Structure formats: C-alpha cells, structure tokens
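Data block below; observations after.
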C-alpha cells in the first residue's frame, strides 16, 4: 500500500531510470504500457520499507531455534510480541513482519529529521540526536511529538518550525530538551525521540543480542550462500565494510579457513574488525586497502601477510561493488546527479579485473550490487563474459529472486542464471497477505532492489572439454589433441 510520495530524484536520473525500465527489449516482451506501470511501481516501492525485517543468526555459535527463542523472550520483555519466523529456504535467517501503515494521527508539536534518519525510523529505529534538524521552540523531556522527514533536504538545522515538503513518520516521546540537541558543543549521540507510535512498526535492534543476530537485508544474506564458502578455503571480500557479508562468509565456513576483508577507509575497516570480534570469528583478516590495487604480478611487491597478493591467490571472491545504491529501501529522496550515478561502472570494471586476476582457476567469483540500473548489473555481466573468456556464468543456489532484466544483450539462458531482486514486481501485483504462509511467500519478493551474478574461472582445457561434451564429441578425437602425451595437450590449453 502506497502512503508516501514516489522516490524523488533529479529529473535526469528519473529519465535515466525510465529508459532502463522501458528499453526496447523489455517493451517487446511485455508491452509499453506494462513497462511504464512497472517503472511507476518501482518509484513507489523504493520510498516504502520492505515487508520484513531480516536478521541473520550466528549459527556457528548457536542453533537457529535457540536464537529464535531468545529473541522472542527479549521482545516479550519489551511488551511486544511480534511473530518471529524462520525463513523457509535460508537456514540462518529470522524474519519479523513490518506492520504498516498503521492508523496514527500527527500532533501539533513537530520534530523534523533528515532523510537518512527518517529512513532508519521506517526500519524500526528511534530518533538519535544527530538526525534532528528542527524541534518546537520550547521542547522538553517527556513531550509527545510527531516526527517528520525532510525529504528534500531544505530544513535548516536548529529551525523552530519548517513549512517545506515533509513526510509523517509517527509519534514519539522526547528524551532530551531542545537545548541539548542544538548545544554549542555540538549534538549528542543518544536517543532523542523514542518512537511510541511509528507509522511502520518494527522492533528496534540497537544493542539486542549483538553476538547472535546481525541486521541484514535478505538479498545480502543470499549472496553469502550463493558464494558457497567451505571450511579451510581462502576467501576474499573485496569491498567489505561494514562486515555483514564478511562475517556471514566466515560463519558459513564454521570459522575454519581464512577470510580476507579489504576496505579502503580505515574507520570502516576497523568496524569490520569490531564486528568480527563481537561475533567471535577469528578467521577474518581485515586490511585497509583500495582493492583495485590488491593484486601484483611482481613477487617482490607481494607480502605473505597482506595486500597486494599474487595472482590466483583465492578460492572464492566476493565483489559486492560500490554502486549508485538505487535499490535501497526506504528512500524518499535521491540527491545524486546523473553524472554521479554513471560514475560507478568504470570503477566496478577495475575492481572486477582485479578480482579475476586474484581468483584461482576453478574458483568462484560472485558480483553483487544494491542498485537497479542495467549499466551496473546486466551490462557488467555482458562485458565480463566478453572480456574474460575464462569466465562462465554458474547457476545460483539459492535462487530466490527474479531472472536478469532484458536490455543488455544477454541471452535468455544467460539471464536465467542471474538473480535480480525486483520489489516493483511484488508491488505491481500486490495483494494483501491474509495468513502467515502467504505473508512468507512475499518475503523473497518485497525486499530491497539487488543484483547477483555468479561466475566460475575455468582453465582453457576445462572450457574446451565442456564444449566438446556439449556437442556430443569425444575430446580426444578433436584435432587439438595430438598423439603427444595427454598432459602436454592439457598444459597448452591452460596458457
């Protein structure tokens, strides 16, 4: 149900997205009218929160059932008893339904928060002091106020009222005076407004079972399973902050092996280390490094301890690439220019090239983004397959999303191997779930927008062998194989 305005963007960005969703291939498949309706559904769903809050459980430490029970007990202590479901296909995921929109009436006293803070409130957070832009002139502790989001970023910090475009998020109780929020010493860091009647209700998880639960979007959890890490392997997470996927990989390995996490911003790298310690995962090694430069063909430059690494150093690599973030939900306002949106494709290709060099033959590379553009998703796959003949697309397990979108020149068989989470499709055909079963059926559909591609790096001889077999030929009968010893022929195909 749509209660908020559509995602607000720069007109050029809106037109760019429209062109993506009404490209010639898509229009030929579904018709122009349907393509337009899907695009409008995209803009609507992006401004609203997903249907579920997704929590990844630390199943390397405790059973999912034990963690589920502890969470239910904690929520009961908060005098809340929302249902806590296990995911039917993901063995380490707990789901809590997000209830909303609820019938809540705005009050006379208004607090205005920034768009980012407002997005967090819609996912269950309370209002923290740094997110507040405006409060009533004489707001005191204990005052009941309505919280609004400044969706266009036009409210001046410290204002006593705001007449611009704003969206109602719910009601709460002030935990601080106005003077503490706008102090000359700068804003504090604690909770300023405790949400008591949010428009969308979901429990706050700040400091809750921190060694057992990790708040993570469902497609981000799927990525770890698609990568398929195994105990004892050496795995690289190239753009790892804040460490959700890194710690998931380590958990899936049973904390056995090595997970190298690279992050170019030191404070974010330290957050990865903090999360690894909190979740008791000591197989993670985090380094401050720009992953573009994480490989070297010069042995003198390579270190046994950290980057750069020699080529073919890793069994599996996750490239969760920096992207335009146009799949994030909820998001009522997107302020980036079209130039900024389009700036990510070249960086992603540099990172991808490094990943291919670092991956062992026979190894797995998973590429993912949290955006909805073709340029950063399917077009990157088409480019990769053309640029790196050693790469082939692999089936994904689990496969919970839709197939890849048309418009990048990929075949239907290739698109079926991709996984794109498209919440706009759920919104386009949305019905009201009436039972837990029908509700859970929507858990995989009403998510953030997300994209996953899985590649395997094959040796030349493996690719030739596969193609011969597919043609019904006996590899040894092919002219490429002479009467020389078999090992020599295979060796030549590897170069």
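Including glycine, each Cβ sits where the backbone N, Cα and C put it.
Feature annotation from TrEMBL assigns domain 'SAM-dependent MTase RsmB/NOP-type' to 138-458. Sequence annotations record features per position, and here TrEMBL assigns S-adenosyl-L-methionine binding site to 239, 240, 241, 242, 243, 244, 245, 263, 298, 320. Feature annotation from TrEMBL assigns active site, nucleophile to 370.
Counting every protein chain shown, the number of other Cβ atoms lying within 10 Å of the Cβ of residue 239 (S-adenosyl-L-methionine binding site) is 21. Distance noted between the C-alpha atoms of residue 239 (S-adenosyl-L-methionine binding site) and the residue listed as 'active site, nucleophile' is 13 Å. For residue 243 (S-adenosyl-L-methionine binding site) paired with the residue listed as 'active site, nucleophile', the C-alpha to C-alpha distance reads 15 Å. When every Cα pair among 239, 240, 241, 242, 243, 244, 245, 263, 298, 320 is compared, the largest distance found for this S-adenosyl-L-methionine site is 32 Å. Neighbours of residue 241 (S-adenosyl-L-methionine binding site), defined as other CB atoms within 10 A of its CB across all chains, total 22.
For the pair residue 241 (S-adenosyl-L-methionine binding site) and the residue listed as 'active site, nucleophile', the Cα-Cα distance reads 14 Å.
Within 10 Å of the C-beta of residue 245 (S-adenosyl-L-methionine binding site) there are 25 other C-beta atoms, taking all protein chains into account. Sparsest Cβ environment among the binding-site residues 243, 298 (other Cβ atoms counted within 10 Å): 298. Around residue 370 (active site, nucleophile), the same-chain residues six or more apart in sequence whose CB sits under 8 Å from its CB are 217, 219, 220, 323, 325, 327, 328, 448, 449, 450, 451, listed in sequence order.
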